[in-house]
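Written out below as structure tokens is the structure these notes cover.
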Amino acid sequence: MLRSLVAIRASRLGLSSHAEPWSQMSLKELKVECKNRGLKVSGKKIELVRRLKNLNITNSNDSHLRIDIDRPKPPRNKSKKQVKPINSNVKLDRNIVLNSRINDTITKENDTTPTINESNVKTSPIEHVQNPPVEHMQEPPVDHFGKSSPIKESKDIITTTRPYANGFSTDQDNYQTNSLALRDKIFLLTSTTCITIWWWWPHMPSFIDQILKSYKYLQSFL
């Protein structure tokens with residue numbers, strides 16, 4: 001009870017302290033103050049004091065509201081902001097693990113040997129066999145009975161077939177004579193026919209007479 005009474009008394013003293021400077025002014029001064037603050041000028045002294053007092057109360061409330069608005073607000077949900085980098089690190093770790101697994105599978109697939117009909121195929125490098133030239137080959141020893149080794153016989157065969165490899169064999173000549181061009185054949189035919197006509201032209205009338213006589217003779221039998 002005592003605390004409530006003290007609070008009421010303090011509020012009344014505050015109101016009286018706010019009202020005391022306005023109450024000490026004259027009516028003309030109050031009208032000037034109301035005019036400067038945009039309030040009504042008409043009325044009694046008590047009404048003017050109330051208007052000025054209410055204006056001070058509203059101004060004080062507005063100032064409190066502005067102070068509250070201008071104050072920086074504390075950040076909310078601090079725990080969530082702290083959790084975000086942890087989640088991002090976890091995602092990065094997962095991506096690294098997935099990439100490493102994919103790389104392992106790719107290397108394993110590349111290491112495996114190709115299969116044909118479910119059988120492994122082993123690739124081996126191609127070996128080029130180089131035979132030594134014939135001139136540098138050593139001749140084997142000849143037997144006392146006059147028989148040479150098969151290596152010498154093969155050498156003789158190679159030496160005999162060398163000229164034919166350069167295009168001097170009879171088979172190649174025959175192939176060249178048989179494979180005449182069409183224009184060459186036409187030229188040969190025309191030349192032979194012209195020569196025969198030129199040779200047999202003086203004897204042509206007698207030859208024609210003989211042909212006609214033989215034809216008449218055959219008709220006589222028919």
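Glycine too: its Cβ is placed from the backbone N, Cα and C atoms.
Here is what Swiss-Prot says about this protein:
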type     : residues : note
TRANSIT  : 1-12     : transit peptide
DOMAIN   : 22-56    : domain 'SAP'
REGION   : 65-85    : region 'Disordered'
REGION   : 131-150  : region 'Disordered'
TRANSMEM : 186-202  : transmembrane segment
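Over the domain 'SAP' (22-56) the predicted model carries a mean pLDDT of 83.
Applying DSSP to the domain 'SAP' (22-56) sorts its residues as follows: 25 helix, 0 strand, 10 coil.
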